[in-house]
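Here's the structure, in structure tokens; my notes come after.
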Amino acid sequence: MLYSLIRPALFSLDAEDAHGLTLTGLDVAQRLGLVGLQPRATGKPVQVMGIDFPNAVGLAAGLDKDGAHLKGLAALGFGFLEIGTVTPRPQPGNPKPRLFRLPAAEGIINRMGFNNLGVDNLVRNVVASGYTGVLGINIGKNKDTPNERAADDYLACLDKVYAHARYVTVNISSPNTQNLRELQQDEALDALLSAIKLRQSELAQQHGRYVPIALKIAPDLDEAQIAAIAALLMRHGIDAVIATNTTIARDAVAGLPNANESGGLSGAPVREASTRVVRTLAQHLGGALPIIGVGGILSGDDARAKIAAGASLVQLYSGLIYRGPGLVRECVERLAQ
């Protein structure tokens, strides 16, 4: 109710400025004890990747890139939080403006470009937060690292976040880092997954704790590509797959203001494509590993549809922009029914 009153003011601001203001406001409200005053929704606990989740509704990566807002976000009732994408070295991302709303379609286009303050800063924030819930950390490569050396960046991040994450997501599907999606192709993906699984095994022995690895993929894949990725995930023993990232397609928003901005489209317009990928993955994986469904969840029924398509967990991001924090409770309650 409250969000519906303040949303017009937020939408009158530049999208990225509104994003920052909202997170700052959430932090202040949490410190004042104003977040989470309502009783939390009674969620249905689930076990996925060997991890116990208090409920199946998580925050998708991208909202809190540096892990600087964990306490405020945790108070909203999520079953888990995923922060990042983080890279080995700080980088500013793409020039502004780089975040655009499409209110008529309940969509968002972003070309942020993995802007973040670097993995060392993220780790410091996580430690300082004292957050004890289920935390996923999403890792990527720096813009100026060629694809031939991409594994070096992912391994550098994995080394540093391993001790602080309950699971780690390898992001090879953002459309906003040039040529990144080429890492989804057979030979490149095979080599990357081999390197990551080897390092995961070494780190598990070093830390005495196994931290699952998830791979985040794009919605802009045909069935043959999805089948090939599924086969590689199973062959390498990857622990989960996140479907999906944003889309470069514009069919669902053609003719709308901002529709021609470059970048990845999220929100309601990606819902069907994302669910299609979840369903196709489920068919090819046959339960071999869990799917985390993300893309276009703006209601409890949308969350339920992702689960029905084959997902074990869901994540929210753009839906929070359009529906507010009450969406978390709605989804948690719907999935508990």
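Cβ from N, Cα, C; glycine included.
It should be emphasised that the depicted structure is a prediction, and the values quoted were computed from it without experimental measurement.
Among K65, K71, K197, the residue that Swiss-Prot places alongside N110, R111, M112, G113, F114, N171, N176, N245, T246 at the substrate binding site is K65.
Per Swiss-Prot, the candidate among T22, T24, T85, T87 that belongs to the FMN site alongside A61, G62, L63, D64, K65, N138, N171, K216, T244, G267, G296, Y317, S318 is T85. Looking only at the recorded positions R111, G113, N171, S174, N245, the one with its C-alpha closest to Y317 (FMN binding site) is N245. Whole-number maximum of the Cα to Cα distances across the substrate-binding residues K65, N110, R111, M112, G113, F114, N171, N176, N245, T246: 16 angstrom.
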